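Reading through the structure tokens given below for one structure.
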């Protein structure tokens, strides 16, 4: 078979075989995929090699079959040559085959929902087209490398780099470049790894951080990074304007002079641009750049080289000037490339300087060396604070803070991610190339400047680069101006796109004004950015804002490194970056370097920046819309939950496989001190709620009462009767409705909807499979079916008894709530007592539930009474003392009351007529007798054993009467002592063996008769309280 060919069946052979055998498959015919032109629709075509056939485009659609049963669904078809429709070659794969998802941007349908199977009677047609490429897309060079290079190369290299070499020496300057360069290089590696882990939309680092650390972190860092870029644009504009006015003083509209001190100590006036000149020219330049940005990516790509090429040319001229520097004028301070000068400048020489950075013994700034020692930094100490600085208590700046802005700008390419042809290729190559290029330039410059001039010349000549430039200094001024303008252009290009990307994610409604369509230019965001820049230009002096801008950049770098660290460490199945040269340890080191540099520059500005980011985070978490981006924290939570589950027990790994044992084996074996109630709340057990009510309103209130201070998890379950295939969509809708209701009731829990043929089968599946390990539910909560006799629902007794028996077999505790309609909400305070009728050992569950009720505002004013049921011949005082001691050891305060009940023998002698509830007793006897008579008549008529609920039973009528009397007597005792109680808790008797479910319901009706609010509790043979510390 040739490459790209698909073997199929010949039409003639298929027709012949179909006519003879009904259905058959032949061989010999081949199909080849036909590639459509760019202007054609992206459809899957097949053409036969048979000369009689020709390429035919197909369109996947489904049409209702008019001639078939309404339950049948039509198969995908495609159009033949004559316009008729015939069965698709891909009908085997159904509606969601590959042909139906070729045009989608996301396999999960994040932006474009994936098609779902049509319902009967719906006409669904999907026409797949190639994604339209809107706007101009940039490549690696113009889209990433040039913007990064323009942003990194700035004014610091021209006016401060030689001074840094003179103050710190060659050795320490190399360490400084390596230290700052390592931070940006490691950040670039992390950026490359995340950017190549899938298709990337607009937003650059914000998009990456948000998808890795969550919407709140992404928006908070993204907005800070936007502000940093916007303010940085103003800084670059001011730098360009100031350089221009110094190079051409006559261009100034206003003038002022500043008295400075030169190296000889003689005061001389130095002209300096006025604030008004900076403001006027700065506003004009900002408006011009704004118009360029309004022209779109195409205009920016045309203008950017005009800014960058002169900059590179100026640097090249500086290197030529250094190489051609003459050695016969040592008095000027320029010795040419000299080994002796290199040796003299190797070590540092920190001196006291004036505000202009020129050495001055009377200056107010004292530079002292403290790099890579106790504080690992070069600190700037002011005047009398030197001794305080030596003790490490002074807020100071460092050389690293002065130089670090010269290495920022690595995000300029990723900021334009929406305008790149291939983000997964361009961002890694372009960003790393720009980072390595500038780092190499700085290292070479350190060596050349250190060997070119004396230390005095390095410290006093602020524009040494212009002094040595060949053929004339003016070219350096041009380079300074254009480098800063290029950086301003890139900042004002990336900032609006970043803001528009945040707005398009629809997290903060306040940012909706900045939304843009895909491929459109963010004009409104550009105007907003321009206004910020103009406002900062009008301020003029940005000394207090400048460090914060650097902090915002470092905060963004930290977020990128932490994102890569988290994703690489978790190593989720979705983490498959194309960039393989990364490791989580490198990202962790990069994040650590960013944080260290932030505190080295200024701990106070670091605190301010973190506080601002925290405020945005808090605002987003409160006001922002919920969004699930599949961030790394979700994977971290999953791993944490998995490890926590393993540590709880009930699950073992062998090998690397979790083997969960049944509840009655190892699960639920939690130490009593670590036991939490995990109620499984049966929302609609008896089907008497309206369809639009997902759960009884009071069940959520009761579930909250079972958790101390809201700690714990509840599982709300409802069962839909029917076939899963037919009711799947209804179940999803009901689950969503139930989950919304749970959130509305502020109850921490999850919602589950199960479709089953009947309630008994559904509950049996739930009780066996719900939960995982020791996080399986341990208490089943449901309301008592008070309506069963009133509504004449004969199926309820068997279902009710089946649920209780299933709980006993599955080792689940049971809490049945009678009087749920009267259960108080959180605002209805109750008074009186919480009465416990403790009859059997239940592991202390009933006692613990009473204590949990006291933690709620509704019951905090109540007191607990424990009624111990004893026979008349038992020692009541001894039993009372034992129970008191037991409660004391359990740290529970309760009043103990011992109640004696008549035994069955006493009842035989005295009869029920001594009780007050003779009518209820005789009514139950009469109904049971009638039911038993009907069972016997049916068995005689059908000549079968005595059957009830589909099972053979043996009825001991004397035992039935005994059970009736026991429940009646317990009910009478409750009414006598606890008629005014806030709530009554009583032990739930298990369904007797061989007794019909109808009989058990009669027993329970007698037990709960006239008790307004009652909980029937049965433990699960595990202690939930302990006496020991």
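We count from 1, first residue shown onward.
Glycine is no exception: its Cβ is also placed from the backbone N, Cα and C atoms.
Annotation source TrEMBL lists compositional bias 'Acidic residues' at 1-13.
Residues or ranges marked as domain 'SLC12A transporter C-terminal' in TrEMBL: 697-818 (among others). The DSSP breakdown of the domain 'SLC12A transporter C-terminal' (697-818), given as helix, strand and coil counts, is 61 helix, 27 strand, 34 coil.
TrEMBL lists 829-1028 (among others) with the feature domain 'SLC12A transporter C-terminal'.
The feature region 'Disordered' is assigned by TrEMBL to 1-31 (among others).
Among the features that TrEMBL reports, region 'Disordered' is placed at 45-83 (among others).
If you look up TrEMBL, you'll see 140-161 (among others) marked as transmembrane segment.
Under the heading transmembrane segment, TrEMBL lists 173-196 (among others).
If you look up TrEMBL, you'll see 217-238 (among others) marked as transmembrane segment.
According to TrEMBL, the transmembrane segment annotation covers 278-297 (among others).
Sequence annotations record features per position, and here TrEMBL assigns transmembrane segment to 304-325 (among others). With a cut-off of 8 Å between Cβ atoms, the residues of this chain six or more beyond the transmembrane segment (304-325) that come close are 142, 146-147, 149-150, 153, 157, 334-337, 441, 448-449, 452, 465, 468-471, 475-476, 478-480, 482-483, 485-486, 489-490.
If you look up TrEMBL, you'll see 396-415 (among others) marked as transmembrane segment.
What TrEMBL records for 427-449 (among others) is transmembrane segment.
Among the features that TrEMBL reports, transmembrane segment is placed at 469-489 (among others). Note on the transmembrane segment (469-489): residues 150-151, 153-155, 157-159, 232-234, 236-237, 239-240, 243-244, 247, 285-286, 289, 292-293, 300, 303-304, 306-308, 310-311, 313-315, 317-318, 320-321, 324, 409, 463 of its chain, located 6 or more positions outside it, place their CB under 8 angstroms from a CB of the stretch.
Taking Cβ pairs closer than 8 Å, the transmembrane segment (524-542) reaches residues 226-227, 229-231, 233-235, 237-238, 275, 278-279, 282-283, 286-287, 290, 293-294, 492, 495-497, 499-500, 503, 513-514, 516 in its own chain, all 6 or more past its ends. Taken from TrEMBL, the feature transmembrane segment applies to 524-542 (among others).
According to TrEMBL, the feature transmembrane segment maps to 548-567 (among others). Residues 183-184, 186-187, 189-191, 193-194, 197, 205, 208-209, 212-213, 217-218, 221, 224-225, 227-228, 231-232, 235, 401, 404-405, 408, 410-411, 575, 582, 584, 587-588, 590-591, 594-595, 597-598, 601-602, 605-606, 608-610, 613, 632-633, 635-636 of the same chain, all 6+ positions outside the transmembrane segment (548-567), place their C-beta atoms under 8 angstroms from a C-beta of that stretch.
Taken from TrEMBL, the feature transmembrane segment applies to 588-620 (among others).
By the Cβ criterion (under 8 Å, sequence separation of 6 or more), the transmembrane segment (217-238) is not in contact with the transmembrane segment (427-449), since fewer than 3 such pairs are found. Between the transmembrane segment (588-620) and the transmembrane segment (173-196), the number of CB pairs under 8 angstroms, six or more residues apart, is three or more, so the stretches are in contact.
Residues belonging to the domain 'SLC12A transporter C-terminal' (697-818) score a mean pLDDT of 84 in the model.
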